[in-house]
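Report on the structure given below.
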Amino acid sequence: MLLLGCIKEVSDYELAISLPNGLSGFVPVTQISDAYSKLLTKQVAQGELLEELHSLPDMYSPGTLVRCIVTSTEKSADGRRSVKLSIDPKKVNKGLNSTALAAGMLLSGSVLSMEDHGYLIDIGVTGTHAFLPHQKAKNYIKAVKKGPDLKIGQNLNCLIVEVKNEGRVVCLSIDRSEVAASIATERHNWSLSNLLPGLVVKARVQKVAPLGMKLTFLSYFTGIVDFMHMDPEKSMSYSPDRVVKACVLSVHPTSRAVRLTLRPPFLHAGGAPRQLPGQLMGAVLEEATVKAFYKQFGAVFELDDGTLGFARLKHLSKTRKSFKPGAFKEGCKHKCRIIDYSLMDEMCVVSLKHQIIEARFLQYRDIHTGDVVQGKVLSLKPIGMQVKVADGIRGLVPSLHLSDVILKQPEKKYNIGDEVKCRVLECNPGGKKLILTLKKSLVQSKLPVLSNYEDAKPGLITHGFVVCAREFGCIVKFYNDVKGLVPKNELGSEPISCPDKVFYEGQVLKVMVLKCEPQQERLLLSFRLSSKPGHEDKWKCTPKEKQEVKYQIGEIVDVKILKKKDNGLEVSILEDEDNVVAWIPTLHLSDFVATSKLLWHCLQEGDVLPRVMYLSDKGEHIILSRKSAVISAVQEEQVVRSFSEIQPGMLLTGYVRNVMPFGVFVEFPFGVTGLAPKVSMSDKFVTDTKDHFVVGQTVIAKVMSIDEEKQRVLLNLKVSECSSGDSAAESFALLSQYFKELKEIRDLLRRGEPSICELVPGKGVHLVVQDVREDGSALFSGSSVTGLTVTATRYHLGDKNIAPGEKRKALVLHVDALTSEVHVSLREELLKQRP
C-alpha cells in the first residue's frame, strides 16, 4: 500500500512517520535507498566512518512530507501494531516504467551521486537515467539549509522537466516554486497501477455523505475523502458537481481504493502540515466540546483554542461496557488530555481515559534526570534489566545498577512483572533512551542531583558511584554522564596506597566538589567531606599564605567588580574567604581591543565576571586576564614556563606589550617576552609599526630564533607563518568568540542603554532633521534614538534636499556604542533593498 506520510521524528537509525487517520509507522535506516544501503554496508565492512555517508538527522527534518510504501505490519505482545515502511524509490515507484514517464509528472527520487554539473537521481525506474542540474537544485538547497550540497540518500520531490530517448533519460527539477505549482493531469497518462500519493489533482464532487465524500478525478478515477480530511473551513459548502483541488493520500493496490485530502497544506506539492506547539503535548483540558460523534470511529472535539481533537472509540471510556454513546452528543463537554498530534490530519489525538489523564508520564520528554519512577520488570538480559515505566516508555537498568552491590544472579532477586522503584540516571527524549538505577542509596538519597557541570559548585556534597579505582585515585560518576576525579590525596583522611583494594566499581559514596571547570568538563572531587582545608589542599589556603603561593598561573576564578578605574577593573575573587583583591587591565577583558573598551564601558560595579584566569602577581596586585585565546593556550599546555623551554618554530599565544618604531614586544603567560622586528611583523610592507599593532592586542607568534646568552627571543608575526594548519577552523573559532562577546555586550547594554540595542545595521527608522552642517552632513533626532547622536554624511543624503524639521525614513548603517553615535543613510537604493 502506498501512503503519503510526514516525518515526525528523526534518529540515527530510523524515521518516525505520521500517517493519515492518526496512524504512525517507521522507516528503518536500511529502507532509505539502494545507494544509502550500499554506503552503510561499506562502512560496516571497513569499520571506519565514510565522509560521503551522512546520518539521517543530517538529511531529514521533522515536518517533511514523504511517499512511503508499507513493507510489513507486526503485532507486539501487548497488542500494539508496528507498521514498517520504505521510502526507497525502487519500491515506491515500482508501478512506473520508462515509457510511462512524461514531462510535468511529480515523483519521488533519491540522490545517487554528485557529478560536475548536477546530481544523478535514483527514481526507481529500470533503464532510465535521471539527472538534476545544479541550477534546478540551488533554491531548494538554500531553503532546506542542510549543507551546501545534496547528500547521497536524500529523498526528493522531483518534477520531470524533460523526457529524452523514449524515457531513457529524464531531466528533473526540485525547485520549490515549480514543484508547488505542479498539478497531475490526464496528459500524464496516470493509471491505477502507478498512481502516486502526494499528487495534487483537480477533482469533482460526486456524492456527499455524513462521514465523507466521493470524488472523481483524472477523468476516470474515483476517490474518497473522509471526515478528517475535509477542509474544516469549507466542510459545510461541499455539494455535488463542485470542482475542488485535492491531494492523493493513499492508494491500496488490491482494493483499488484511493483516498484524498482537501486540507490546505497538502494542496501544493511539497507543502508542510502545521505542527503542534510543544507545550500543548500532554496538556489536560478541562472542557473539550464534542463537535461530531462517529459510532464506528470515535469523536471529534473542539479544544479551548479552537483547534480540533480526535479520540478513538477505545479512548472514550475505561472499558467497552462502560461506554455511553449518549454522553457524546454535539455540544457535550468532557475532560481530556492531548496524547499525540497527527501531522497528516493536523489534529490533536486526545484521550478521555482517567488513568491517562492522571498519568505522570506520557512521553520520554516528560521524564527528567533524577526523577524517582515506578516501573514493571519486562526482561532480564546480560546487559541489564528492561523496565516499563509507562505505555510506550521503557528504560534500561544496567547490570551495574541492579543493586548497591554487584549481583551475580539477578534472576534470583527479580522476576518478570515485579514492580520496582527506580531513579532516572539519564534521559534522552530524542533517542528514546532512558537509563535507570535500582541502587537504594541513590534512589533514597536526599542530597542534590548533580546532572550538569554548571551545578557543580565548590563545597557541594552529593552521592555518586565509583566507575573506576586505580593508583591515581577514583573516577566517580553522577547523573547525565557527569563524572569527576577524586585524586589519591583526597580519598580519605589517612593515605590510601592501593585505591583499587579499598573501592569497588558501582560503590555509592558521598563526595564533595572541590573545583569544576564546566567548559572543559573537568571536575575535581574529594571523599573528605570536611570543608576545612587540609595541609595538601591546593584550592584553599590559610590567611598567612595569602600573598604567597595563593593561586597558580592558569587557575580559573570568578570575580566581582569592586571599582572601575581609568585603565582597568579592581575586583575581588569570589569563593575566597580572605576577599583577595585583584586587577584586570582593560586590555585583558577580551582578545579584541575594541571589545575590551566596550566591555569596560558596559560593566558596572557589583557585576560578576566568570572564568577569569590568574595571569601574574607583580608588585601589589594579582593580575587577571579574560583573554579567551590566552586562557585556552594555558589550559591546553601550549605555553612555555621559562626561557629554557623555548624552541625555534614554536607557535605561542601572547599579547602586545609595547609597540616601538623598530618592532613589537610580545609578552606570553609565565612572563616570557620576545621581539618581532619590523621586517617580521606583517606580510605587508611596514612603514609605521603603529599602523599594524596596538598595545594589548592578542597575537599568535612563531619563534624564529633564541639567543641564550642575551636571553633574547626573536619572533615572527606574519599571518602566513603563524597558522597551525587549519586556518579556516581557527578563523571561525575567533569569529565565533567575537560574536559571543558582542552578544554579551548587547545584553549588558540592554540594562543601561536599551535604545541602542534595538538599533542594528539594516534597520529602518523614522527621524526628524535637526540640522544641516556646513560640510553637507546632517544631524537627526527621533523617539527611537533618544540620547544618541545620529548623523548622515553628505553622500548618504543622496540627491535629497533636506531642511530642519522634515520627517525622513533612514537606514541604520553603523552603531558605535562607545560614543553613542549612530550613522544612517537616506539613499533610495539602500532603503529599497531592505526586506
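Cβ atoms here come from the backbone N, Cα and C positions, even for glycine.
Taken from TrEMBL, the feature domain 'S1 motif' covers 1-88 (among others).
What TrEMBL records for 104-175 (among others) is domain 'S1 motif'. For the domain 'S1 motif' (104-175), the model's pLDDT averages out at 90.
Annotation source TrEMBL lists domain 'S1 motif' at 198-263 (among others).
Annotated domain 'S1 motif' per TrEMBL: 282-353 (among others), in sequence order. Residue counts for the domain 'S1 motif' (282-353) under DSSP, helix first, then strand, then coil, are 7 helix, 36 strand, 29 coil.
Under the heading domain 'S1 motif', TrEMBL lists 370-439 (among others).
Among the features that TrEMBL reports, domain 'S1 motif' is placed at 459-528 (among others).
Under the heading domain 'S1 motif', TrEMBL lists 649-718 (among others).
With Cβ pairs under 8 Å as the measure, the domain 'S1 motif' (1-88) is packed most heavily against 104-175, out of 104-175, 198-263, 282-353, 370-439, 649-718.
Counting residues per DSSP class in helix, strand and coil order gives 13 helix, 35 strand, 22 coil for the domain 'S1 motif' (459-528). The listed stretches are 104-175, 198-263, 370-439, 649-718; of these, 198-263 has the most Cβ pairs under 8 Å to the domain 'S1 motif' (282-353). In this chain, the domain 'S1 motif' (649-718) does not touch the domain 'S1 motif' (459-528); fewer than three CB pairs sit within less than 8 A of each other, excluding pairs fewer than 6 residues apart. Remark: secondary structure over the domain 'S1 motif' (370-439) totals 6 helix, 38 strand, 26 coil, with classes taken from DSSP.
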